[in-house]
Amino acid sequence: MSDYDYDVLIIGAGPGGYVAAIRAAQLGLKTACAEGRETLGGTCLNVGCIPSKAMLHASEYFEAAKGGAMAEMGIEVTPKLNLGQMHKQRIDAVGGLTKGVEFLFKKNKVDWLKGYATFKDAHSVEVNGETKTAKTVVIATGSSVTPLPGVEVDNAKGVVVDSTGALELPAVPKKMVVIGGGVIGLELGSVWRRLGAEVTVVEFLDQILPGMDADVRKEAQKIFKKQGIEFKLGTKVTGCTVKGKKATLTLEPAAGGDAETLEADCVLVSIGRKPNTDGLGLDKIGLETNKRGQIEVDGEFRTAVDGVRAIGDVIPGPMLAHKAEDEGIAVAEWIAGQTGIVNHDVIPSVVYTWPEIAGVGLTEEAAKERGAVKTSKFPMLANSRAKTNHEPDGFVKVIADAETDRVLGVWIIASVAGTMIAEAALGMEFGATSEDIAYTCHAHPTHSEAIKEAAMGVMGKPIHT
Ligand code: FAD
Ligand code: NAI
């Protein structure tokens, strides 16, 4: 009989924490999960992945009807936007999924400790005035929006908003300025552009989508520009004043120079996210964060403090739900005495714009730093399914080691890139060469044939270009 209330107590019920809790309970550990939000599922289910995809999906339909893509296929309609209904279906999607996690907690006998948790010591945590003890505590507190000094977010007012406010705008803004040309800015900027807003993205760097392959960054910007998004690259926002329902931003070239102003009905601040550690009482257990505010862990997700582990957005690595989920499974397995595996070199990332943008593994630039590479790009225009579906934009790029032919990275811009990238991740997980992919039979006509053709290109012999 253990001296602790629980074998495992997880702080935070996002995709990292809730998955860790369910897995720990499945492995026979007595498990609790503390969550301060009213509903389970964390950022991802409540204000992140799920509601953003609900708005992206719905706005895609609206644009297909309004922009002529449906008419091109012989379906003539005159759409009328019912934004209230669009928000309702978003709220319904979130409600269904967060309730689903609550059901899974009950089914697996995970205790939900309702409230924000604070450490008293490494094995005890206070939640809502009650102290609970556990042999292992897992920190899975996630991340929140990085504030931009001089640009104060007020989601209730709806003029200067963060991603949460941008999901809930009650009306389509006439002019929207997005600060930050990263994933959130491009996804949510796309939603409101499709619904009728004039969108300008102000990005500090001279290219959008940092961290992605250079070819992808260049091509993606071209496509978004064609869709009507304006870009002000190499530009920083130095201030913002709000009068009534209008914002005026002051901008300066990042390299220095003359300031200019930009007016907007809505400003979205999306310059990144920071790990959540405030209020956790890390000082009580003597745990420090690194320079980026993250909690450092070893390969078994152990922090510097015995009995305390950490996963998800609060530790280094990409801030992605599937990365947090895989770490959730792995940490539970380590705690249960098993071997938990997460291959951090093969974590796909997807931007759910139209077309989608996806990548896994190394960029060409990063791969070249390690040695000689062979690359090949196959255009979606030459893929029969994409062409038939009126989806000509994008390409598949395969990067392989010049000597061993092992695939080091795959980058895709295509309508269903997010689905296609799973094949590349699976192949890379098994150490596939480009030849392995080229000689794997792919169903016709599918977008995935473009991956096969790009792999054939690495070997110097594509068929359809
Ligand atoms: P979180 O999901 O942030 O969950 C942490 C939870 O801990 C929160 O619910 C919080 O309330 C709780 N918490 C914090 N402190 C305490 C405490 N002291 N006590 C109790 N509870 C506490 N990723 C993708 O992979 N795909 C996407 O499409 C995608 N879209 C996104 C769209 C948006 C708009 C945003 C903002 C993010 C998106 N992300 C996406 C990122 C994704 O949401 C995160 O990577 C993921 O949620 C991280 O999971 P997590 O479990 O580490 O933390
Ligand atoms: P991000 O890191 O993707 O992009 C932020 C952008 O803002 C960068 O391009 C950066 O150069 C720029 N920037 C920083 N400071 C600036 C300034 N002062 N002025 C102008 N530009 C500035 O961050 P984002 O978009 O906020 O997303 C946060 C996280 O959420 C991402 O790391 C991502 O992993 C996750 N996310 C994932 C999604 C997905 O997987 N589809 C969707 C949405 C979010």
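Placed from the backbone N, Cα and C atoms, the Cβ positions cover glycine too.
Copied over from TrEMBL:
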type	residues	note
ACT_SITE	HIS444	active site, proton acceptor
BINDING	LYS53, THR141, GLY142, SER143, ASP313, MET319, LEU320, ALA321, HIS322	FAD binding site
BINDING	GLY180, GLY181, GLY182, VAL183, ILE184, GLY185, LEU186, GLU187, GLU203, GLY272	NAD(+) binding site
DISULFID	CYS44-CYS49	disulfide bond
DOMAIN	6-328	domain 'FAD/NAD(P)-binding'
DOMAIN	347-455	domain 'Pyridine nucleotide-disulphide oxidoreductase dimerisation'
Of CYS49, GLY182, ILE184, LEU186, GLU203, HIS444, listed as recorded positions, which ones have a Cβ less than 6 Å away from ligand 1?
CYS49, ILE184
Please list, in sequence order, every residue of the chain apart from GLY180, GLY181, GLY182, VAL183, ILE184, GLY185, LEU186, GLU187, GLU203, GLY272 whose Cβ lies within 8 Å of the Cβ centroid of the NAD(+) site.
VAL178, GLY189, VAL201, ILE208, LEU209, SER270, ILE271
Distance check against ASP313 (FAD binding site) for the recorded positions LEU186, GLU203, HIS444, keeping those with Cα within 10 Å:
none
LYS53, GLY142, ASP313: which of these binding-site residues put a Cβ within less than 6 Å of any ligand 2 atom?
none
Hey, what's the widest CA-to-CA gap across LYS53, THR141, GLY142, SER143, ASP313, MET319, LEU320, ALA321, HIS322, the FAD contacts in the record, in Å?
22
Binding residues GLY180, GLY181, GLY182, VAL183, ILE184, GLY185, LEU186, GLU187, GLU203, GLY272 (NAD(+)) - maximum C-alpha distance in whole Å:
15
I need the CA-to-CA distance for GLY142 (FAD binding site) versus CYS44 (disulfide bond), whole Å please.
10
Between GLY182 (NAD(+) binding site) and CYS49 (disulfide bond), what is the CA-CA distance rounded to a whole number of Å?
15
To the nearest whole angstrom, state the Cα distance for the pair CYS44 (disulfide bond) and LEU320 (FAD binding site).
9
Compile a sequence-ordered list of residues in the same chain as CYS49 (disulfide bond), six or more apart from it, whose Cβ lies below 8 A from its Cβ; state 'none' when nothing qualifies.
ALA321
